[in-house]
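Student: According to TrEMBL, the record shows the following:
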{"type": "DOMAIN", "residues": "37-484", "note": "domain 'Major facilitator superfamily (MFS) profile'"}
{"type": "TRANSMEM", "residues": "39-63", "note": "transmembrane segment"}
{"type": "TRANSMEM", "residues": "75-97", "note": "transmembrane segment"}
{"type": "TRANSMEM", "residues": "109-132", "note": "transmembrane segment"}
{"type": "TRANSMEM", "residues": "166-190", "note": "transmembrane segment"}
{"type": "TRANSMEM", "residues": "210-231", "note": "transmembrane segment"}
{"type": "TRANSMEM", "residues": "284-308", "note": "transmembrane segment"}
{"type": "TRANSMEM", "residues": "328-347", "note": "transmembrane segment"}
{"type": "TRANSMEM", "residues": "359-378", "note": "transmembrane segment"}
{"type": "TRANSMEM", "residues": "384-407", "note": "transmembrane segment"}
{"type": "TRANSMEM", "residues": "419-445", "note": "transmembrane segment"}
{"type": "TRANSMEM", "residues": "460-481", "note": "transmembrane segment"}
Amino acid sequence: MAEPCTESLLKKNYYENCPGCKVDQYKELHRGFPIRELVSTWVVVLCTALPISSLFPFLYFMIRDFHIAKREEDIGYYAGYVGSSFMLGRVLTSVFWGIVADRYGRKPVIIIGTITVVIFNTLFGLSVNFWMAVTTRFLLGSLNGLLGPIKAYAGEVFREEYQALGLSAVTTAWGMGLVIGPALGGFLAQPAEKYPNIFSKESLFGRFPYFLPCLCISLFALAVSIACFWLPETLHMHGGKTLPDDLDEGLETGSCNSNINEKTEQIEGTRPTAKENLIKNWPLMSAIVVYCIFSLHDMAYTEIFSLWAVSPRSLGGLSYSTSDVGEVLSFSGFGLLVFQFSLYPYVERYIGPTMVMRIAGVLSIPLLASYPFMTFLSGFSLTILLNCASLFKNVFSVAIITTLFILQNRAVEQNQRGAANGISMTAMSLFKAAAPAGGGALFSWAQKRQHAVFLPGDQMVFFALNVIEVIGVLMTFKPFLAQK
């Protein structure tokens, strides 16, 4: 009878020098709930998501303090360029980082990305003029290419029964970052004005009123960067050969020596299989296109919501402070966390990811249409309604993006996931680069037409967001969206 698999035998087999195979051993020997994998994936994604949106609550005031806008209505126009510069940098480098992740592993790209956040997010908080802010954001986007590789990592480090949960962790952390980031920016910006007993106007945080939220995020990124050195590498490589997906069959059975030896001989005598042309992979490309449409919508909404909330009521806004925006987004983040870890996996398993995406997209349309009418409310009723609307909007957005992550990962083999996610990030970043600039310009234009007959003021802004949402929902149906 063949000798049963044990931890000592696994560590002595042919694959012990392959970081990716060590992950397979780890998954076999730790069959329980993958809490460590969830936490590591979650904090890395959160690290890269926080600086993307943390500036939105205070960006209006930052542009005002730069004295580059001649009129108050023009602030949104310049704010759009600062928001777009990050995504423009990502457009230019996402494919490069995806190729690097496929060639040298996911881990080096993840570490470089987190270190980039430490450096350039700190410099952004110290910006003294408009062009310094644009430049630091551009470099932050260019050198932080870890979102694509971390999606591939999440699809590889989890056992098959937990892969949906792993990709859900990516989108949950991403959604939480897009909520917690603005919350931090809202609570911690301008500390000398909000907390004069702690921060004086002559202190560093008084002279650089937007440095404190950036510093907190950078310190968190520094801790994550150090922790990333202990991440397992998930890319299966043996002397340049990518291992086949069925490699762990020997680990799945009660005996392993014969299976491992047999597969070892097969691998030593084989060459890497020809890679599929990703551009001709329609299930992948259709999922990427739909992902880009919803990403354009989500990024535009993120910027417009903060600008709309802090702008004066005379221009159609809510006259909120940065702290008020932070409170709304903190509540949304908590509800989002509960939904993704308690409800989404069951809903996805019951009705399927594609149906989750369609339902979330359809429900977002009437929700967005209600936003302009909130300006007629005030006090407690406004607080309750705005918090609930923001919560549901973020839940719907993250449910859609989670589905598209799953569809993209299923459309390609493991040895092409880094490149596939690089293409996805490039296309998505191009749309997200256009979103803040376009959203800021639309917002500024809408504020100048408060008394128009057709869709006056902010009604035009949310109508435009709904048009994009409708297009995205229609594209989730056949024949456009194909599944492998």
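Please read every residue number as a count from 1 along the shown chain.
Glycine too: its Cβ is placed from the backbone N, Cα and C atoms.
Please situate the listed features within the shown structure.
Tutor: Nonlocal intrachain contacts for the transmembrane segment (75-97), taken as residues 6+ away from its ends with a CB within less than 8 angstroms of a stretch CB, comprise 51-52, 55-56, 59-60, 62-64, 66, 68-69, 109, 113, 130, 133-135, 137-146, 148-149, 299, 303, 307, 419, 422-426, 429-430, 432-441, 443-444, 447.
Within the chain carrying the transmembrane segment (109-132), a Cβ under 8 angstroms from the stretch's Cβ atoms is held by residues 44, 47-48, 50-51, 55, 62-63, 66, 68, 78, 82, 97, 100-101, 139-140, 143-147, 149-150, 153, 208, 210-215, 217-218, 221-222, 224-225, 228-229, 231, all 6 or more beyond its ends.
For the transmembrane segment (328-347), same-chain residues at least 6 beyond its ends with a Cβ under 8 Å from one of its own Cβ atoms are 57, 164-165, 168-169, 171-172, 175-176, 179-180, 182-183, 186, 309, 320, 356, 386-387, 390-391, 393-395, 398-399, 402.
A Cβ distance under 8 Å defines the sequence-distant neighbours of the transmembrane segment (384-407), meaning residues of its chain 6+ beyond its ends; these are 151, 164, 167-168, 170-172, 174-175, 178-179, 283, 287, 290-291, 294-295, 298, 301, 305, 318, 328-329, 331-333, 335-336, 339-340, 344, 348, 353-354, 356-357, 360-361, 363-364, 367-368, 370-371, 374, 377, 472, 481, 483.
Long-range neighbours of the transmembrane segment (419-445) within the same chain, counting only residues 6 or more positions beyond its ends whose Cβ lies under 8 Å from a Cβ of the stretch, are 73-88, 90-91, 94-99, 101-102, 141, 145, 147-149, 151-152, 278, 281, 284, 288-289, 291-293, 295-301, 303-304, 307-308, 408, 411-412, 460-461, 464.
Within the chain carrying the transmembrane segment (460-481), a Cβ under 8 angstroms from the stretch's Cβ atoms is held by residues 286-287, 289-290, 293-294, 296-297, 300-301, 304, 308, 354, 357-358, 361-362, 364-365, 368-369, 371-372, 400, 407, 439, 442-443, 445-446, 449, 452, all 6 or more beyond its ends.
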